[in-house]
């Protein structure tokens, strides 16, 4: 995997604009200061008035009115986007996203009432950045509402991104076509011109035109259906909450559905092809139970009146968290009681749990930019295990969590890994962020933080974070600040059954005197790639600890060259005490003094920490002797971590054990 921590060069722009462009646009001070040697060219050869991948910050969308008509015979669609905008500084240039769309006309509507003033907008396209520029005849005034109206057309995609076609075959052999959406991360611009960045949230009113034989569903419930020309039906959906463009969704199909209500009155429905709707019952029941769990856990009611789950025959991802309309592969949602395996039931439950967790983490509160994708995906992955352990205890999901962390560490030990929070700019870089480092490492370091703070403190921090930033966007530090503000002042820590995964019920803290600096600690885990190898050497009562960056692979990239240091929340038990002791290792080396000499010592209790441990001298021998005599003296998670660490360390480039 190519390292994602590299900075990619951007196109540059001259500070001396050509005379023609000067007449057409009013530049902003920040733009002029950043322009360089050359100006990018639009598709028609005209200079394009913006040279960055990110959109300008001075034009903000407020509300979209979308009308889309897809022809499932010709596999084309056309539509009208009306987006209300405001400007924070005078400008006659509006930059937004459009990709593989043919723009027919663009106008600017000013004023309100029955006869608003409309002015034509000149359109420039810059395919390299998937952007268009709309040039107004005069500058927009600060703070006034304007509406941009764009008529456009496009072809249904055949690569499972944007607004795309999908097909399925009925039991009689008939091939049927449907149209569905997959906009994350940067494909809403393939369905309608928009400000396609996660921080540019707005509300949406969506209308879908369809043939009477089809059904349309979207993020919000249907308000009314109107018969229009040529026998078509136009479905009007309720206005959405404020949300990011990548969460917009709509499907045109002949699906059928089954439904149930949650205790709080949310209508939950599963949609599938008619021949497979009888396989929807398990997912429906799981979705209702999980939605109720999350409402209770987060202490925030689910904000929409309905939650649909749709099984799409052709779906590249496992699932997608569109707000109010989550979409899935058929194999990730449909369960045949007579044919499906127990592992299929587990996978469906975990996937549904993941997407419903996103309705809060990701949808209600969204990362500001894709460099912090892990705030969405790491939390959703982590909450799979928290929720399903409670709602479906028979699935024993806690037994699978260690495997996720081991998988993440295999990738994260490579020199080609990347920090969970990594600078990205263009769509290709953004897509590469959707990997096991963002998902599984993110979940594992959150589990470590939960163990570090205690389950109650961690949960309270989550609730405060969600309440404070509802319908907003956040960065890493916003989460850490929410966690730190909940931390107990007396330094006491309580273990939780999920986090510890062990039989040890009591704990003691070794960092109460120093206080808990969550932000500084967690920055070492999110802004650096990899993880530490902790080497333990016992000399009588003295325990010598050393950390270094663990990497596997070629010898030309030794771990000592990175210079990384982590704040490692070490936990350990000994032959003399099954109390979980704690020590926060902030430096490369340190020493702790035990109250008495011990026969053995085991670090990383329950494998809650995202690090591996090597025991020097007779450390491994003493643990081996313990397991030979009474293997249940330590938990199954501890035994698994010993085996995993031993195999990790038996490598030519690492110390042997």
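Note that Cβ sites are derived from N, Cα and C of the backbone, with glycine treated the same way.
Note that this is a predicted model, so its numbers are computed, not measured.
Listed in TrEMBL for this protein:
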- 1-32: signal peptide (SIGNAL)
- 282-488: domain 'Peptidase M1 membrane alanine aminopeptidase' (DOMAIN)
- 354, 358, 377: Zn(2+) binding site (BINDING)
- 355: active site, proton acceptor (ACT_SITE)
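Distribution of TrEMBL features across the structure.
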residue	record	contacts (Cβ under 8 Å, 6+ apart)
354	Zn(2+) binding site	319, 321, 380, 381, 383, 384
355	active site, proton acceptor	309, 319, 320, 321, 326, 328, 380
358	Zn(2+) binding site	321, 326, 376, 380
377	Zn(2+) binding site	362, 434, 438, 439, 442
Report task. Could you check what DSSP calls residue 355 (active site, proton acceptor) once collapsed to helix, strand or coil? Result -> helix
Report summary line: Same-chain, non-site residues whose Cβ lies within 8 A of the 354, 358, 377 Cβ center for Zn(2+) are 321, 355, 357, 361, 362, 376, 379, 380, 381, 383, 439
